[in-house]
Each structure stands twice: as structure tokens, then as C-alpha cells.
């Protein structure tokens, strides 16, 4: 029986183009997962968008001498184009500066406030002395007062896992310009997390299938849980929908309060854009539906504490009780899938320091599947990993081109040359049957890995089967059989077995490498869409949903979204038995080998930096 699977993907900031470190964390893993879920017959809703509020955009707008809205519009479009180029199969990729998003965010806030989970408190806020602008928690660094780590942030210390306030830090400094912030009294709405702690703990203790590091970190957060500010002294963001606050342009909702609501607001937008305004409830209100959230490790707290806390409070599930809001009881995350960090030649990605590889540049030179493959086999799934051009060239040449691409090309070429079609096999030998059985069993092995978000393990098994097929061909020597007319039936059998395994491995790799999977499908005589791709759709900003928002963006502006029709694709997670007599297409090389010199120099737009 099929399930409804919500795939919620972290929202990239629209303050610049995205680099490969970003998509290694939130992009490719979530897409591999969603594509696999569709192939096994589940009803997937994959949503995200650009995060367009908060200080990062204000800072970048100042640097570029433009308005923050113009900046958001520009980078929203660039990011949309890049993610489509990478083949990320969103059902809807939208943005946070829409009328719909504002209205849904404010509905959540009002529900929390009415249930008593929003506290008005005076706190100490950090301000930049040179600009007078509020500094958000994450833009302040200093020494942790609890463990002594010198790189603690104003919201938490990654070294010891404790929550912090900026004023807690020893020797605090601004990440923007290094100056010491001033701390002033300011009034804010605080999410009463202590009143939600028991409900959060009960939920977390039932998450036994999470990655151990994510679960341990999330449970540790509860040990020092405290109210957390959900408004900010800032003039760019979602208005606070409370009388006396909603018209105050100097105070807006915290960017992380509204960003996590984006998964819900995007689902609601998708529903009415596809003609069924209530369809989102199938993924959010049905307790049988499941939800998976993909992000980098620095965002775990917002997805295992803040967002679940917001949903619990909105439903009246904390210690203060309360009434359920009109959006209903919202499903808590089934799993929070966190990736570690990808670095570049040992350094953190940094646009300002030139340590960066932008997605757009990468796609233009190497194509999407090369990047998707590298992230799958060498990405930061469980530990921080390093991107080097040397490792990239080695992986592409020895694995993707030599092992997989060569298998496809030589098998299809021999079959096309000698038969022009899928040949009719004779009786299988023990060696033939062993390889066929092994390839068929791999559907279970790879599928189990993908269900648990173990992407490296899944690709490793698929490549192992490809290697076995290459060994089989080397042992059977079909090029010799082709020279002996009496071995015609054996040649047909060997090539049939090899082609069937190529088809199997191609299916196993479809979630990872959808672009090349389509080519292999067509080479084997397939017609139609094997692996569907997303597309860009221009839409108007409208908000037909019922919650009444305040201070909404102007109606009618246009913006690009990513959508796609993935229901008609032919890819399914099972062996497709090849039909003898099916015409083969003349194969073309699947992957080009890279110049070995690239490993030493890097491309012109991202050269290797010599010590």
C-alpha cells in the first residue's frame, strides 16, 4: 500500500547564488530520496523555496547598493534556474515573500499566542555600533561560557550543544565586521519552549530510527531549554500580527520562525496551484502520512525543537493546553535527515575569500549528473568531507566513466553492431543466472539503503553490480564469440544478460543520476519519459487561503517557481524484463573522461590554490 511522503527541503537564503556545499547538504540527498519514493509507488510532495528574510539579505543588499526586495527577486530567479539545472524534482519550490506565506505564518503565530505559548519579555538585544542595526544570534560569535569553545554562536555552541543567548558569550564579536556589539533592552515575543519540553521529549524518544548524532543532539537541547525570541528588531520580515505590533516597521517575526512554516505554506500554495486547495491536508493532517526533513547539521535545532514546538503549541499539546487552530493538528517530522559540511580543499566555502564553486559554473562545465554522483559517493552524509579537484577527477574517470559509462557503451555497442536489437537469449548458464540473480537482489539492498537515507551505501551497491557485470563480460569474451558463427546463440545470451544488468543498474541509479538514466533507457529501446525533470513556471502572487494576513506583499507580482509532473514517468523500482526484438539505439558515450590536468589546476573559474 502506498504512503504519502512529505519531503521538506531546507530553504536556501536568497542573498547570493548557491555553491556546491549548499546542494550537498539540502539538495541532492533530498532529491535522491524523493525520486526513490516515487519509484516505489509512494505519493510524494517535495517542497521548499528561497528564504528571503533576515539580516543576511539586508547585509548583502547594502553591499550591492540595492533594495532587499530587488536582491531577493534577482537571486530567487538565479537559484530557481540552478536547482532546475541540477534536476531537483520539487513539486513546488517557491519563496517566503508571498502573500500566502505571510498569511500562514501569521496564523501559526496567532494560534500560539492565543494558546499562551508566546510570552512578551524584555531581553538584551545585540546592536551594531556602526550601523545601529540589530545583529541576529547567528551573526555573533564568542567564547562559550559553558565549555570554553572560542567559536560559539549567539544561539548555540556546536562544541557542547548548549543553547545560548548573545549576551551569554564571552568577548562577543560581530561576524559581519568584527566589532563588539552593544546590548540594549528590547521587548520581544518568546516561544515558551519550557512549556512544550515534555511534549517534545515524548515525541523525540519515539524517534529510534533517526541518525544517532541527530537524535542525541536534539535530546541534549532539552536539558537547557529556555524561551526563545520569535520577533526581532528589524525592518524586513513578516509583520507581527498583534495589535500594537503589526504596524511597527521596526519589529518583525524572527526569520527562523517564518522559514520553518514555509514547508506548510509551500504545501498549501502547491495545493491551490494544482486545483485542489485542501489537498495539502493529506500530507499534514493525516496521521498515516510521513514526513522527512533534509538540511545541514547547523539547522537541526530549528527542525527538531523550534518547528515541532510551533506545531505542538498551535495544536494545544503543551503543558498549557489550548485550542487547535483552523489548520488542524499538524504532523510532526517522521525524521530529520541532517548532513555534515562539505569543505573545499580543506577550507570552508567562502565567496568573499574566493573559496567557492558555484552550482551554475559547475553545471555549465560538467553537467548535473557528475555533481550528483560526487555528492552521492563522497558527500558529507555522516562526517564533514572535502571537495578537491583531484578527488573529483578520480571519481568521475575511474568510477562514473570507466566502470559505469564503459559498461553501458561497450555492451550496447556490441549488441547494436551484432543484432541491432535486444537479442533472443538461449539457455542461461550458472554464471549467467548468478549475475542476473545478484542484480535482482540489489533492488532490495539499494532500496533498503535509500529508505534509511544511506545514499553512499546505495550507490556503492549499484556500482558493485556494474563492476560485476564488467567482470562477467571480461570472462565471457563476447568479442571472440562474435567471430565464431557457431557461437551466435551464446553471443546473444551473453549480451542479453549484460543488457539486462545494464537496465537493472540504470534503474538503481535513476534516483541518483536521472539525466543519464533517461539516455540509457532510450539506448535500450525505451520510449517516453523514464525520469521526469522539473520545470520553471512563472506565476502570480495571490493568496486565496482563508487566514487573514496583515502587511502582506502587494498582490499580483510575478515570480518563478519550480514544479513538475512526475506521475507519468516510467521509472519503477523493479526489474524491467527486456523484450527480445526491441530495437536498440546506437549508443553515444555516457560520460566524458576529464583531463587529468584538471586535478592539478582546477578550472579557470575555481582554480586550485597552491600553498
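Along the chain as shown, the residues are counted starting at 1.
Note that Cβ sites are derived from N, Cα and C of the backbone, with glycine treated the same way.
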Tell me which range among 343-347, 348-352, 353-357, 358-362 Swiss-Prot lists as motif ''KMSKS' region'.
348-352
Surrounding residues of the motif ''HIGH' region' (12-22) on its own chain - C-beta under 8 Å, 6+ positions past either end:
48, 50-52, 54, 56-57, 59-60, 71-72, 75-76, 78-79, 82-83, 95, 341-344, 349, 351, 356-360, 362, 371, 375, 387
Pop the Cα-Cα gap between residue 160 (Zn(2+) binding site) and residue 351 (ATP binding site) into the table, whole Å please.
28
Which entry in the list of binding-site residues, 144, 147, 157, 160, has its Cβ near the fewest other Cβ atoms, using 10 Å as the limit?
147
Please spell out the DSSP helix, strand and coil residue counts for the motif ''KMSKS' region' (348-352).
0 helix, 1 strand, 4 coil
